[in-house]
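Per Swiss-Prot, these features apply:
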type: MOD_RES; residues: Val2; note: N-acetylvaline
type: MOD_RES; residues: Thr8; note: phosphothreonine
type: MOD_RES; residues: Tyr20; note: phosphotyrosine
type: MOD_RES; residues: Ser23; note: phosphoserine
type: MOD_RES; residues: Thr30; note: phosphothreonine
type: MOD_RES; residues: Ser83; note: phosphoserine
type: BINDING; residues: Arg127, Thr128, Tyr129; note: hexadecanoate binding site
type: BINDING; residues: Arg127, Thr128, Tyr129; note: (9Z)-octadecenoate binding site
type: BINDING; residues: Arg127, Thr128, Tyr129; note: octadecanoate binding site
Amino acid sequence: MVDAFVGTWKLVDSKNFDDYMKSLGVGFATRQVGNMTKPTTIIEVNGDTVIIKTQSTFKNTEISFKLGVEFDETTADDRKVKSIVTLDGGKLVHVQKWNGQETSLVREMVDGKLILTLTHGTAVCTRTYEKQA
């Protein structure tokens, strides 16, 4: 089921990313850079391990995990979090927890595009990615 997400994805649209970053406590300068950055996300599967690489002019990150198994993650904004990723109804649901807080990153396929919905408290951001050839 994760196979539907495999590929190289380029950000083409972003809504409310600044509000989401503000909610997380990301500083002004980093938010300015984050808002201008158009990252590429590469999703790979190797056996039962999923690898998600995010590449941009600002920062490159990589996580690898097994579905349903908690792992330690350092986010692009340098938060140290406990993460778990599950498949739920065709959606890849990634939950990060730290310091009593929680954020979710939900990836789903809609009309051949990868839609990433980021939620922290009342802040909801939608980012749309198109598959690269």
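Along the chain as shown, residues are numbered 1 onward.
Heads up, the Cβ atoms here are built off N, Cα and C, so glycines get one too.
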Neighbours of Arg127, Thr128, Tyr129 excl. site residues, C-beta within 8 Å of centre, hexadecanoate | Trp9, Leu11, Val12, Asp13, Ser14, Lys113, Leu114, Ile115, Leu116, Thr126, Glu130
Given the modified residues Thr8, Ser23, Ser83, which one's Cα is the least distant from that of Thr128 (hexadecanoate binding site)?
-> Thr8
Within the chain of Ser83 (phosphoserine), which residues six or more apart in sequence place their C-beta under 8 angstroms from its C-beta?
-> Ile63, Phe65, Glu70, Phe71, Asp72, Glu73, His94, Val95, Gln96, Lys97
Does Arg127 (hexadecanoate binding site) have same-chain partners at least 6 apart in sequence with Cβ under 8 Å from its own Cβ, and which are they?
-> Leu11, Asp13, Ser14, Lys15, Phe17, Ile115, Leu116, Thr117, Leu118
Just jot down the residues in the same chain as the residue listed as 'phosphotyrosine', at least 6 apart in sequence, with C-beta under 8 A of its C-beta; none if empty.
-> Leu118, Thr119, His120, Ala123, Val124, Cys125
Rounded inter-Cα distance in Å - Thr30 (phosphothreonine), Val2 (N-acetylvaline) | 31
For Tyr129 (hexadecanoate binding site), identify the closest of the modified residues Val2, Thr8, Ser23, judging by Cα separation.
-> Thr8
